[in-house]
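So that you can see what the record holds, here are the features copied from TrEMBL:
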DOMAIN    59-228  domain 'CWH43-like N-terminal'
TRANSMEM  75-93  transmembrane segment
TRANSMEM  105-129  transmembrane segment
TRANSMEM  135-154  transmembrane segment
TRANSMEM  174-195  transmembrane segment
TRANSMEM  215-238  transmembrane segment
Amino acid sequence: RAAWRLAPVTSSPQAGLWAGGRRVPGSSSALLACRFSPGRNYNQSCGVDGPVSCCTLDHIPLVSKCGTLPPESCFFSLICSLGSFMVILVGLLRYAHLLERLGPSLLNTLGLATGWVCAAGLTMVGNFQVDHAKVLHYIGAGVAFPTSMLFLLLQSILTYRMAKTRGQYWTGHLRSILTTVAFLTLVFSGVFFIQESFVLQHVAALCEWMFIIDVLVFYGTFTFEFGAISTDTFLVLLKASRAPKSYKGESGVSSTAHIHSHVEGLAMA
């Protein structure tokens, strides 16, 4: 049980995004240098020949920009791939736990589906860098971000449905706050990202980082429930996966028995 409790908080996106984000402080320092340092001194840090200014819209510290150049691009792809696997694992554990507590539920099934679709989008984001495959990268981001937001919303609702104690209700309140913050930062990030303003694009980058950190904290709250996962939880999951087959088998047996009884009745007549 302790191992499953550690799954949400040790997921690779949490450690990896912080490691991959080590270039963001450099971008912020570059912004300050652009404002307060002589032009020739700052331009020497561009890494390109010639008096080219680095303070452009192409140097906004967005999350995707942290994984465009090697070796960060290699770690970015690895982190997103491992992160998508952890999202699938955590989503499956959450689905099994709710299935054991609440029984079959449409919201629970939707939560599992949105989590897995989010994992697929995250894989595209990590393996198609924005500077080399912009269309595919944005398609992956367009899949991962909204489905991640929907996953948070569904899990918050399911938390209240399952809550029976005061602590469980407080967990629901915490997840509701995190969901609200995630929604606001996602909306502001999308609105400011399409603007041509240098300042607003930096605000969009800040909102994007806040959204990701908020989602990671939300995943960490599953630690409260995953401590109760046992082998019985997986048995319930296996039983639910085999239920349609057994139902079909039982219906087939009953229909066959009905036909035999009908034939015997005709023979007796």
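Glycine too: its Cβ is placed from the backbone N, Cα and C atoms.
Here the transmembrane segment (135-154) has long-range neighbours at 64, 91, 107, 110-111, 114-115, 117-118, 120-125, 128-129, 175, 178-179, 182-183, 186, 211, 215, 218, meaning same-chain residues at least 6 beyond its ends whose C-beta is under 8 angstroms from one of its own. Only residues 6 or more beyond the boundaries of the transmembrane segment (105-129), in the same chain, are considered here, and those with a CB under 8 A from a CB of the stretch are 64, 67-68, 73, 76-81, 83-85, 87-88, 90-92, 94-95, 98-99, 136-137, 139-145, 147-148, 150-151, 154-155, 157-158, 161.
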